[in-house]
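Okay, so here's the structure we're looking at.
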Amino acid sequence: STNPMSVTTSATTPTASFTTTSGTTSSNFTAIAATTTTSEIVPPASTSTYGPTTTTSAVTIAGSQSWLLCNCTTAVCIEDNKIELFPIICKPPPKPTCANGLSPVQVIDEDQCCWHWECDCYCTGWGDPHYMTFDGLYYSYQGNCTYVLVEEINKTVDNFGVYIDNYHCDTRDVVSCPRTLIVRHETQEVRIATVKQNALQVEVTVNKQAVALPYKKFGLSIYESGINRVVEIPELKMNVTYNGLSFSIRMAYSRFGNNTHGQCGVCNNNTSDDCMLPNGNIAENCETMADHWQVVDPSKPQCSPGLNPTGPPTTTPKLPCKESSICELLLGSVFKPCHHVVRPEKYYAACVFDSCVLPNLDLECSSLQIYATTCADQNVCIDWRSHTNGVCSYKCPSDKEYRACGPIEVETCKSSQQNKTSTKRVEGCFCPNGTMLYDSGVDVCVKTCGCVGVDKIPREFGEKFTVNCQDCICLEGGNGIVCQPHECVKQHKTSCDGEGLYEVTEVNSEDSCCPIVTCKCNASLCTTKAPKCTLGFEVHSHIPSGQCCPVYQCVPKRVCVHQNAEFLPNSSVFVDKCQNCFCTNEVNISTQLNIISCEHIPCNTYCEPGYDHQPVKGECCGRCVQTKCVIHTANNSDFILSPGEFKNDPYDNCTIYSCVNIHNQLISSTSEITCPAFNEESCKPGTITFLPNGCCKTCVPLDSRTPCSVRQRKDFIAYKGCHSVDRVVMTECEGTCGTFSLYSAEANSMEHSCSCCRESRTTVREVELKCPIGHSISHKYVYVESCSCQDTECNISQSTELQNAEENDKASTLNRIKRAISLTLK
């Protein structure tokens with residue numbers, strides 16, 4: 001209306017009451033009428049109409065129209081363009097009881113003036129695994145496929161759902177554990193995957209691409225909150241948390257009430273329909289229901305939504321099992337502050353199940369953790385890990401410290417604590433006291449809020465530094481860090497002209513941002529080959545300064561060389577067996593080899609009389625060789641005679657010693673002169689004298705002839721190196737016979753008449769000879785029985801033909817001795 005309107009206000013008086021019910025929630029408000037003050041509302045000169053808009057709500061009071069104005073005021077049209085304003089007064093509604101055992105939450109009404117209670121949809125899963133549905137129904141399920149946790153019954157959001165990928169986490173393939181939590185919203189698919197079994201380590205991908213946290217795009221955000229990764233969709237008033245061991249899904253009842261199904265059940269504050277199948281029927285139990293919510297997963301071809309469920313495996317231990325002491329903490333004093341808020345019995349049962357079925361995986365910690373998380377969600381924070389004796393400990397990075405009750409929204413240099421309204425606590429790793437997180441996306445604890453660049457190093461305002469080859473400075477305001485390209489010092493040009501050299505650009509140790517050009521060596525480009533050195537020399541190489549290819553030369557190895565072998569100094573060297581040789585440290589200047597020093601093996605050159613030291617081929621010291629005869633006399637004296645030498649015994653002129661060399665064998669003999677019978681009485685006085693031999697006496701004038709007769713002597717017989725043991729009696733013919741030579745005129749020549757004193761009768765006797773090697777031989781010799789003067793032409797007598805050629809030689813030698821003796825006698 002363009003006419004002025006009168007508005008009357010007065011003290012507030014209740015005039016009407018309205019009640020709105022939604023599920024188990026309700027809200028009350030009261031309209032107040034005002035009548036004491038009247039004023040007119042004059043519209044501006046424009047043609048716009050004043051009345052209800054899309055942001056107001058109109059109701060009819062006693063036949064009049066009303067609508068909601070700002071500041072929680074209701075306008076009522078009375079009549080004739082008269083409007084009365086009534087302020088809305090809210091009464092606290094009664095607090096309902098939620099089927100899941102959690103506290104209801106206050107939700108602002110659509111008029112933004114009053115509020116009402118609602119039971120949020122809160123579904124959790126943990127362990128191997130255990131589930132708590134939106135309405136608080138507990139069950140366990142050990143499937144190893146990918147399943148629907150929650151989807152809308154009536155689709156209001158495009159491509160929306162939460163899914164869980166389970167796998168068998170024991171060797172018996174009996175129980176399963178969560179591996180990946182999947183959240184789909186419109187065009188995005190978030191996967192939070194477990195990195196290590198039974199560990200609070202996960203990685204986050206969006207549409208199969210790894211992302212850094214915090215992440216925010218297309219109405220979906222992902223961030224860290226303590227030990228959890230949180231996926232939040234503010235438009236849908238929902239968030240999903242996962243830490244590798246447990247998950248939770250919180251959804252607003254006002255947005256999803258009576259419109260969910262899956263393994264988390266129907267969110268309607270009624271557990272009777274939580275085991276709903278995809279076809280809308282209610283299963284006998286949720287273990288059977290859970291098997292029907294399989295989804296197609298290419299990585300698990302054995303799983304298919306169309307296959308008939310196999311039913312839950314029997315995992316109850318056959319024998320009674322004593323639960324872990326860790327589980328008893330749930331019912332003890334540690335968690336007692338939360339018992340009146342969240343009942344622990346279901347979590348205790350899950351803990352006992354895990355400790356009995358999988359006693360070696362410490363999965364019971366997940367039951368305590370999810371119970372503590374649920375308690376913290378209800379504003380009851382409990383520090384429980386310190387009571388598990390390290391079994392359920394949580395290790396933080398070196399720059400963080402663990403807190404069981406840290407803030408759910410961490411204060412950073414980029415955020416203000418004034419905007420933090422949540423009083424809930426979470427466990428996790430937090431910056432130590434006196435420091436704070438630089439930013440939610442920069443996980444660095446700082447003491448002062450300056451700058452943190454890509455190197456994750458805190459900088460103070462005004463600090464200059466170089467990073468990624470940029471000269472930077474930390475400034476307050478703006479983007480904080482201002483950088484410009486790093487300037488390099490001008491370098492001198494390097495020339496790489498030598499053989500094997502090539503240019504290469506490398507990092508400068510003094511300034512990594514400014515590469516330097518240096519010459520590198522590629523030995524494969526060198527053409528000079530190492531020479532082959534003679535024995536006793538080796539190749540030495542060196543690379544001249546500034547060059548690449550080596551220079552080779554043969555240098556002495558400081559060894560001795562003999563017969564193509566090398567010998568180290570002070571080592572023995574074999575030259576021949578008669579010398580001791582060794583390698584010295586002394587060097588021959590001309591050959592550059594060490595000198596070999598030799599000494600002849602010490603030899604004993606002393607020889608017994610009659611022997612001379614002579615060299616022997618093949619021997620080092622030679623040996624004593626007999627060169628003279630050694631004759632031992634009866635009076636223990638020795639005679640040394642050279643071959644062919646005769647000598648009388650100085651004490652007995654009747655004994656003659658001689659030495660002969662027969663076939664390189666020295667033979668010594670002892671001859672005893674046998675004097676003819678002599679009667680001194682037959683001699684005239686004064687006529688007795690010794691013969692020239694000095695042995696025999698005679699009274700016959702020295703020029704008278706001796707008749708031919710047998711003469712005896714004793715001597716050793718030697719034959720082929722063998723000798724008689726004793727002297728042997730031997731006989732011989734001796735004496736003078738008529739012999740002449742005269743000229744015959746008739747024959748005109750010399751006539752000879754020879755008569756020789758020779759054997760007329762002989763016999764052959766035997767004697768035993770001893771040889772040097774120890775054996776004996778029998779030897780025959782001729783014994784003269786009688787002698788006579790006989791004409792002879794010096795033919796060989798018949799008796800001597802019995803001897804062989806070698807004995808004839810010996811006989812000739814003996815004859816020479818006899819002639820020598822005979823001459824001596826004469």
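Every residue number used here counts from 1 along the chain in the order it is shown.
Cβ atoms here come from the backbone N, Cα and C positions, even for glycine.
Matching TrEMBL disulfide entries to the candidates C696, C699, C708, C722 identifies the partner of C771 as C722. Between C789 and the candidates C733, C737, C754, C756, TrEMBL annotates a single disulfide bond, the one to C737. Among the candidates C696, C699, C733, the disulfide partner that TrEMBL records for C787 is C733.
Of the candidate ranges 1-23, 415-437, TrEMBL annotates residues 1-23 with the feature region 'Disordered'.
Here the disulfide-bonded residues are C722, C733, C771, C787, and the one whose Cβ sees the fewest other Cβ atoms within 10 Å is C771.
Among the disulfide-bonded residues C722, C771, C789, the residue whose Cα lies closest in space to that of C733 (disulfide bond) is C789. With a 10 A radius on its CB, C737 (disulfide bond) counts 19 other CB atoms from all the protein chains. Residue density at C789 (disulfide bond): 18 other Cβ atoms are found within 10 A of its Cβ, drawing on all protein chains shown. Summarised as a single figure, the pLDDT of the domain 'CTCK' (699-795) averages 79. In this structure the C-alpha atoms belonging to C722 (disulfide bond) and C737 (disulfide bond) are separated by 37 Å.
The two recorded residues C789 (disulfide bond) and C771 (disulfide bond) have their Cα atoms spaced 39 Å from each other. Residue pair C737 (disulfide bond) / C771 (disulfide bond) shows a Cα separation of 41 Å.
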